[in-house]
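For reference, the structure is listed below as structure tokens.
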């Protein structure tokens, strides 16, 4: 698909507009900057706006079959195939060329069908047009098509909500939104109106006030007369929206910086070097033939030595792994990252909802007073009527949907514990009062008139409430204890604050602090609300660790994958959870490294550098009180230390870190989200070892297929060189038998083997140009050449040997003894190399578990043995084989093939043994170093 398309210039407002489209995004020429820049919001006439921004469509082009056919044929693979077919036809290999053409047409047809089918599916998912209501500058409301929306339009959102066709900032009212498509988070989130502040709007920093394209608005209220509906302003359209970003990431995936893929193409040049050497050799040994014959023979060597299907073959393992992952409920929108999973050396985990359960149980409440903290109250319903009870009942974003309260599980549990209930109100965010009026003063209802939802960056939320009649207004704040305390008057914070917080947090409790103050209900700016508060006390909630968390952490630790917890929670709570799930051993000494503290006007800062922070990054296990941006920063800094970093989170607050990581896994019910390349429907981290095992299996399979395809070319290259030396060559049907019956079938089923059930400490290599890989290929190439030469020399040494007619060349002197002996041994070598390079231990199940591949090997070995020992007259004529009558000689050829198999197998086992030995020696040396520094846990 063409990513860049230049369009003709447009003229509006007497200005020439020059722009181009890149990956669906429009870039406009700005003369004062002297560059093309992405379009930004500017207020023009509506027609000028439409000309500038274009239609509000995420339009995935679906190409015609003819256009797809032309693009497919121009693929380097098929260009090389066309060249090869022409060459084979000139060389009178009509049958082989015809079969390759037939197979290529089938392959092209399947490819065109699948490509167009995917385009149609993506187009139907991406393209969405509906009618919406907008308010013009004159105040008049008008129903228009969503295609005509441009940034700056005032969008009217009905009470029943809608599927949003653009990104928009909420100006008035509240909206309950299902953002599972965007973040993978299944719990609906509450969006509130944008505060009137003098700062530049950004959808990233104002997420709690931004409605994203493709998300389902379930309910809107409080933004229009009568309390129904809401009002928003369009901020982005088309591919500039969040949904457009998701579609763009699928259409145009970012290139992956992975050494394996780079080395695969570099290795083609090595094979090209072999082809050059072979061509020179052909010129030397065939000096007597015509120039045309000489050129054909030389070019034929190129088509043999450089397999055009090599890049495609190495993706087979990834395809099989992707299908296995899908069957386990793990979905992937970036298949090349599956191989990257095999090299992950560090995995970061969010705490709440990832390592621990989503739901929390209220453990108790302590109130703050002039004398310090009160006794623990296990049941909030036992609290006396007052600000603490009202704050617990009202300081949240729980809302009613069709009579049922929905919201964050923590807040639902908090409200439930107070015994208060929510009542429907279209003009207000919520009205709350006790369900049972057993105490004097508790029957009075409290209404929420302003709400500032929780922000992970700010680590707090607040609400403004009024009692019946609006006689008095109270603002409540809830959030991280350190943050809430920094916003409260110092004299209201008990002196035991730090010790009480430490005691509760060290027991693994999630601690929230609450505060309140009297406010003017007409001033609803959170900067004014969230200062000079009165500290009310602590709410403690027990968050149970998921039973799978400890098992997975132990598996990863045994596999030498470093585990790191990254959470916005308190450090003591995080360390307690880390001990519960096995990240920190009970007997280990814990050292705490504290960053700059919270202040009322600034977030904590933590700057990493190799000089100052290197030791922390290398040894820390728990990073607490981390904002979403700091999580992303941490992932990037760990990558700078040459870690392959994985990140597992819920997809909401962790979006940035999930995208920045080499392997991001979102725990979600959605099959795909913009949050991460991997999405797991299993709501625990058991998907992480599965992903690493599949990644290692896929990487090993890709290595095996790469080596096999390279060795297949080298086997055929050596056969042709040897036979050309004696003035002959393989026959038409011999090539067909080698390429289709043996190699293609083996390559298709070789990657079906599944991953090992155990994660091994040794990670598979990622470099194809490493000395062990190149050394192994060199040794196997030598053994292949020695085997074929041995077959030729053994044949020539027989008493009954008759040399072929050297006055003719190529297939004209078939059948002959030299060709038949080399054909027999090379046929076995294609099977032998498949056995040698297909290793199971330690990252794949043993070979016999891949019963299809194992069965194919048995059948092919039996077939080759039959062709050598008892081919029969008809088969011999068909393959142009010489009929040897000496059974002892034929048994000797089979024995030679068996010896070749044994030696190649020993070479592979010895190579793996040396690699494992070097790994364990290096590992134990590293452990000797880490024993001194392993106590460093943050």
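Quick reminder: no glycine exception, Cβ is built from N, Cα and C everywhere.
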To which of the residue ranges 670-689, 850-869 does TrEMBL assign the term transmembrane segment?
850-869
From the ranges 820-838, 915-933, grab the one TrEMBL calls transmembrane segment.
820-838
So, does the transmembrane segment (705-723) come close enough to the transmembrane segment (771-794) to give 3+ Cβ pairs below 8 Å, pairs being at least 6 apart in sequence?
yes
Should anything in the same chain at least six residues away from the transmembrane segment (705-723) have a Cβ under 8 Å from its Cβ atoms, list it; otherwise answer none.
264, 267, 271, 274-275, 278, 281-282, 300-301, 304-307, 309-310, 313-314, 316-317, 729-730, 738, 743, 746-747, 750-751, 768, 773, 776-777, 780-781, 784-785, 788-789, 792, 818-819, 822-823, 826, 829-830, 833-834, 837-838
State, in range form, which of 735-759, 820-838, 850-869, 889-907 has the highest count of Cβ pairs under 8 Å to the transmembrane segment (93-113).
735-759
Within this structure, do the transmembrane segment (820-838) and the transmembrane segment (889-907) have 3 or more Cβ pairs under 8 angstroms, counting pairs 6 or more apart in sequence?
yes
Can you give the mean pLDDT for the domain 'P-type ATPase A' (131-249), rounded to a whole number?
83
Are there residues at least six beyond either end of the transmembrane segment (735-759) with Cβ under 8 Å to its Cβ atoms? List them, or say none.
93, 95-96, 99, 103, 313, 316-317, 319-321, 324, 555-556, 558-559, 561, 689, 692-694, 696-697, 701, 704-705, 708-709, 712, 716, 826-827, 830-831, 834, 838, 840-845, 847, 849-850, 852-853, 856-857, 860, 863, 879
